[in-house]
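> Residues annotated as domain 'Enolase N-terminal' in TrEMBL: 47-176. Under the heading domain 'Enolase C-terminal TIM barrel', TrEMBL lists 184-473. If you look up TrEMBL, you'll see 252 marked as active site, proton donor. The feature Mg(2+) binding site is assigned by TrEMBL to 336, 361. According to TrEMBL, the feature active site, proton acceptor maps to 386.
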C-alpha cells in the first residue's frame, strides 16, 4: 500500500485538518502535542508488530515474553509454566535439546511468534480479542496447540488484550469483562499458600500445599493484611517448633517445615491463625494433588518417606473418611484434587457429601471436555483455572462461563513457574471469580498479582466489592 493509498483509506487528510482546527479553537499552548493526542483518538489502532523473546521464570526456567505494538504503543506479556504438562492440557512448546537449558528452551515458540503469528495478526484491530485468538487457533490447526505452542499463543493473546484495553481507554479488567459479557467489580478471596509439601518440597508432607482464605475480611486490602500477618505468625510458630531451617520456602513461597502428616501441618497453621486473633475470619484450604501419590487404585501418603510404615497406604474409601475427619476437626473450606485425575467415582462421592468446596485441577486441567464430564457426573464443584493450560484469553473466559452456568466456584490460579505479569489479577476481577490462588504473600512474582488487586480495589473505590463470605460466587 502506498502512502497516498493509506492516507485515502483512513481519511487522514480530513482528520489532520480537523485536528488543526480543534487546536486553534482550543487555543492550546502546545498545538503539536494537542494535534498528536487528537490524532491518536481519531485514528483506529491496529497491530503493527509482534516481537517475542525468551526470558526466565521464577524457577530459572525459560518462558515466553511478547511485545505487541499498535499505533498507541507497546504492550508486554509473559506467560507462566507448570511443573509438567498433562495429557489433557494444551501443549507448552519447548525445544527439547538437553544441551541447552536442560531441554527447556522455548526458542521454537519464540520463532513461531516472530515469523508466523506476527504475520497473521499485523493489521488486526486489538479490541477484537475473539478474532485475534481464533486467527491463532486457525493458524495452529491442532487440538492441543502443539504446532505453535500454547505458551506462544497465550503470550500474544494477553499482550493483545492489554492493547485492546488501551485502545478503548479502559482498565484491563473492564476490557476482559466486556469479552466475558458481564460487568464485574468483585475482588476475589486470596487463597494464600502458607505450607508447601508434595513433590515440590523436601519434607515428608504428602499434600502439595496448605492454604489460608481470609473470607471474613471486609475488603481485599484487609484480606491481604490478614494473610501477611498469619504468614509471619506461622514463621514464628515454625521457628519455635522446627528451627529456622523450617522457614525455608518452596517455589510459591510457602514454608517447608519438616512435617510428615497433614494433621501436623494443619495444627501449626491453626495455631498461627489463633495468634492473629482472626480465628473465625480465616478458613483453611488443602491442595492435595493426589495424582502424585496414587499407585493403581491406592494412595500412598508416605510416598516421600524413606521408612514406610505401611499404615498410610489408603483406598479411595479410606481417603473419603480421612477428608471427613479433617473437615470435622479443622475449619476447612476447600480441598483441591482430593483423588487421582482418573478417580471420578471417589471424587463424585466425596463431592456429594457437601462438606466443602471440591476443586478440580488435575481432574479438569481447564479442558472444556473434562469440565463438561465433571459437571455431568458432579465430580467436583469448582474449577481451578490455569490459563496456560488452555492457551488463549477467549477460551479461558469460555470455560469460566461453563463453570458458572453450573453454579460452580472458580479459582483463578498461578503456576509454579511464574513471572511478574499480573494478568490473572485483572482476569479474576473481570469474570467475578470469587477466588484467586497466587501463592504466598511472599516472593515478587506472587505479590505482583496481589498488589495489582490492591490497585484495582483502590481504582474501583466505593464500587469495589470483596467476595468475602460469598467467595463461591
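Even glycines carry a Cβ here, placed using N, Cα and C.
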> Taking 10 A as the limit, how many CB atoms besides its own sit near the CB of residue 361 (Mg(2+) binding site)?
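There are 26 of them.
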> I need the CA-to-CA distance for residue 386 (active site, proton acceptor) versus residue 336 (Mg(2+) binding site), whole Å please.
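If we compare the Cα positions of residue 386 (active site, proton acceptor) and residue 336 (Mg(2+) binding site), the gap is 14 Å.
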> Name the residue among the recorded positions 252, 336, 386 whose Cβ has the smallest number of other Cβ atoms within 10 Å.
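The recorded positions 252, 336, 386 were compared, and 386 has the fewest Cβ atoms within 10 Å.
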> Which whole number is the mean pLDDT over the domain 'Enolase N-terminal' (47-176)?
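Here the mean pLDDT over the domain 'Enolase N-terminal' (47-176) amounts to 95.
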> To the nearest whole angstrom, what is the C-alpha distance linking residue 361 (Mg(2+) binding site) and the residue listed as 'active site, proton donor'?
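Taking the Cα atoms only, residue 361 (Mg(2+) binding site) lies 17 Å from the residue listed as 'active site, proton donor'.
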> By DSSP, what is the split of the domain 'Enolase N-terminal' (47-176) into helix, strand and coil residues?
54 helix, 26 strand, 50 coil
> Can you grab the distance from residue 336 (Mg(2+) binding site) over to the residue listed as 'active site, proton donor'? Cα atoms, rounded to a whole Å.
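About 16 Å separates the two Cα atoms.
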